[in-house]
Ligand SMILES: Cc1cc2nc3c(=O)[nH]c(=O)nc-3n(C[C@H](O)[C@H](O)[C@H](O)COP(=O)(O)O)c2cc1C
C-alpha cells in the first residue's frame with residue numbers, strides 16, 4: 001500500500017553537500033503555508049524561521065566562532081573563526097528553526113518544542129519533495145548566548161538548529177539505501 005505522503009517520506013533523505021542554487025523567498029513562503037496543518041496544541045504556532053542568505057550567513061558563523069572561543073581554554077585563533085564562517089556558508093540558504101514559546105497554562109514548553117520540531121521535519125520533507133537538498137544541523141553551540149545574539153533571538157526563544165538548504169548535486173540524485181525498520185521494536189500493544 002502506498003500513497004503520495006508515504007512515498008515522499010520513504011524517499012526523503014538529507015543532503016550534506018548542496019549546490020549554490022536555492023529556493024526563492026516566494027517558494028519558501030509557499031512551502032511554509034502548509035505548516036498551518038501541523039499538529040499544534042491550542043494552535044499557538046510557537047515557532048518561527050529565520051532565513052539567512054548571502055552575508056547574513058556570516059553572522060551565524062561569527063556567532064558560532066564567538067561561542068566556541070568562549071568555551072575553549074586555548075587562545076582563540078583567527079583561523080577558527082574562518083572555519084566557523086565557512087561552515088555557515090556551506091549552503092546558499094540557511095534556515096534557523098526557532099522555538100517561540102507562547103504563554104499557556106495548558107500547553108507546556110515540551111509540547112511547544114514538539115510543534116517546532118514537527119515544522120522542521122515537515123519542511124525538510126517538503127523541500128526534498130520539491131527537489132531541494134537539505135540537512136538539519138545542530139551542535140553544542142546551538143543554544144549559546146553568542147549564537148542566539150547573532151540571530152537577534154531573545155529568551156524565551158531558542159534555536160532547534162538549522163536547515164542547510166541548496167540544490168542537489170547530480171551525483172546525489174539517487175535513492176538512499178535504508179536499513180529496514182524492524183517494526184516489532186517500535187510498535188507494541190498493551
Ligand atoms: C535535531 C537534529 C539535529 C541534527 N544535528 C546534526 C548535526 O549537527 N550534524 C549532522 O551531520 N547531522 C545532524 N543531524 C542528522 C542529519 O540531519 C541527517 O538526518 C543525517 O545525516 C542522516 O541523513 P538522513 O536524514 O538522510 O537519514 C541532526 C538531525 C536532527 C533531527
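Just so you know, glycine gets a Cβ as well, placed from its N, Cα and C.
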Per TrEMBL record, range annotated region 'Disordered' [choices 63-84, 85-106]: 63-84
Tertiary neighbours of residue 12 (FMN binding site) (same chain, Cβ under 8 Å, six or more apart): 124, 125, 128, 129
Residues of the parent chain within Cβ reach of the region 'Disordered' (1-22), under 8 Å, 6 or more residues beyond its termini: 53, 90-93, 124-125, 128-129, 132-136, 164-169, 172, 175-176
Distant-in-sequence Cβ neighbours of residue 14 (FMN binding site), under 8 Å, six or more positions away: 124, 133, 134, 135, 136
